[in-house]
Amino acid sequence: MSNVDETRTPGIDESHERVSYRSRQQFWDLIESPYVVHAVLAFAMMTVLVPFGWELITSFKANSAIYNLNYLPANPTLQTYYNVLIGEGYWKAILNSLLISTSTTVIVLALATPAGYAFSRFRFRFDNLLFIGVIFSRLFPPIGLVVPYYQIMARVGLLDDLLGVTIAQVYLWLPLMIYIMRNFFISIPEELDESARVDGCTRLQAFRKVALPLARPGIAACGILTFLYSWREFLFSLIVTSTLDAMPISVAVFKFVGDVSVSWASMAAASILAIIPTVFIVVFFQRYIVTGLTSGALKG
Amino acid sequence: MGDVKLENVTKRYEDVTAVDNMNIQIHDGEFVCLVGPSGCGKSTTMEMVAGLTMPTEGTVHIAGREVTNLPPKDRGVAMVFQNIALFPHMDVYDNISFGLRLRNFEKDEIDRRVDKAAEVVQLEGMLDRMPDEMSGGQRQRVAIARAIVRQPDVFLMDEPLANLDAKLRVHMRTELQRLHKDLETTVIYVTHDQAEAMTMSDRIAIIDGGQLQQIDPPLECYNQPANLFVAGFIGSPSMNFVEGEVTENGFTSEYMDVEFDPSNYGVSAGDKVTLGVRPEDIYPAESGRSISSPTGEIRTKTDVIEPMGDEIFIYLLLSEEVETDLEDPAASNQLLISVPPDSDVEEDQDMSVVLDRNKIHLFDTESGQAIEHSLVASPAASGASGTSGAESDD
């Protein structure tokens, strides 16, 4: 017969512990059990999917049927979509959003990639100060800058103009993307550039032939994020646009909120239309976002 | 053609001087190792030769022309980096041919040279592999092939074997030597591993604190170190040092004396000097080994014993009041000796040792500069070598 207490951890004196090691481990084992983890995930998913499902269902109802107490539409219809897209001319808003987001993405990538590279590679006077300045410009609450921005756009005649909205989007997302690209380039060993330069590259060639191809995941992640962010941006676009000539879909959705009533079904249909491209992008390109944003953390 | 000359080269970073007034002349076809501890400036020196770092002062000449302000691509150098630095998005062929393609070589010529380089480093049949599909040794060969394919005037190698495991390192060391013999191109090789430097190079440049300490053939650095730093850095285990001063009769310290005639060595009584002797130049008195010029016996006590297989290292205490300092084998109060593996030694046993006067080095303690590398000349009093007495005073 063994006289060792088998409920105790061998070699560990538990007498001084307020809560025994064993009890604490049992608690954490429970927290990490698949049941608890799945329950938490299911709850989190519901908080995302229920409003979305509600909106999807609403979009298939006629405006007049919104206040019926049925969850599912009695007579599902695509009429609301037709009204929104063609009747209200919201296809223009979607086109505007596509133009604004695409050009914002191209401009931001064209500027953030070389800027991120320069901040990662070159040491020059006040380089850190300049970099902090870039980040700092993004720390202002956007609402505080809306009025001066409106005045500038009014002065240069870019109100209700696609270019005006695009400039705002570039201003909003460029600093963050410079920051991400800089971190990404830091994760690419500088010896690769040096090796290319010894092999015969100029600095620019080393950037173009070596650093740039290796930064593709980072560039892809930045591009996707910029597109998504500028697609859904609301505040600046709302301030500088007033008609469907330049209004992106994120603002156009809001136009269904009238002074006396809200066209819920139309707004739901417009919202669904607005998120289709973003869902598409996230589903097909999410692996680029993950690799692009994490490779720096892993390698660096 | 591939000679390299650094004249008064200095590199300062704000308040740090990484390289201080370096003057080195490397001849065509020579294999020169730059060695020194981490942060001594050896890599910065190499980067200045490569053109990756611009010197604050001084000039760099390669193959007879001044290249101080030329970009790396125009210097006729090729470089192998410590982390190998293969382009991960290119296969082996593209990696090796990168420099040739940049220079718009004909496709046939590129193929011919790549095949030749691959053959030299034994990479035939692997040209379509990606770097991440290769082992560390194979990647290193690709890096070397990438360097040799351009037929540069000078190869620069910045600790190229540091990331390889010990066995592969020894193997690649031999291959690099063979390659140098075949190509007869100037090689500048940076390492902090003095064994690498000793085995591979025609000359070793030992650098410390950004300053060149000595540049000489390996055995000369080993047998005639220019100063205390070189003496301590070259050789493993390190040289033993005993600080003391010169008297009328020779050297005296707290723990041991060695007689010699100071006037023969340009020192005089009262000078602070450090005596240096390598572990293999100290012999147990009872070993019966005949030495042409032994010192008198020094009584010591064995402390830690380290059997290495082919030899045994013994830490000897010169005084009972101190303990062995394994961190600093060159501490003044202990001697590290190496004896044959069949020697019968135990810890805490009394042992008398003698030093080989042929191999005793004398350094100026203050400046660290070497004064003499052999104390075999006649002692002052007796005039006969081998009869001098050295006494421990424990």
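Cβ from N, Cα, C; glycine included.
Among the features that TrEMBL reports, transmembrane segment is placed at A:35-54 (among others).
Summarising the annotation, TrEMBL assigns transmembrane segment to A:93-117 (among others). Distant neighbours of the transmembrane segment (A:93-117): 85, 134, 162, 165-166, 169-170, 173-174, 177-185, 207, 211-212, 215, 219, 222-223, 226-227, 230-231, 237, 244-252, 273-274, 277; these residues of the same chain sit at least 6 beyond its ends, with a Cβ under 8 Å from one of its Cβ atoms.
Look at TrEMBL and you will find A:94-285 tagged as domain 'ABC transmembrane type-1'.
Taken from TrEMBL, the feature transmembrane segment covers A:129-150 (among others).
Taken from TrEMBL, the feature transmembrane segment applies to A:162-181 (among others). Same-chain neighbours of the transmembrane segment (A:162-181): 96, 99-101, 103-104, 107-109, 111-113, 115-117, 119, 134-135, 137-138, 142, 149, 153, 215, 218-219, 221-222, 225-226, 229-230, 233, 236-237, 240-241, 246, 248, 292-293, counting only residues six or more beyond its ends whose CB sits under 8 Å from a CB of the stretch.
Summarising the annotation, TrEMBL assigns transmembrane segment to A:264-285 (among others).
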Report task. With a Cβ cut-off under 8 Å, give me the same-chain residues at least six positions beyond the ends of the transmembrane segment (A:129-150) that come close to it. Result -> 115, 119, 159, 168, 171-172, 175-176, 178-179, 182, 235-236, 239-240
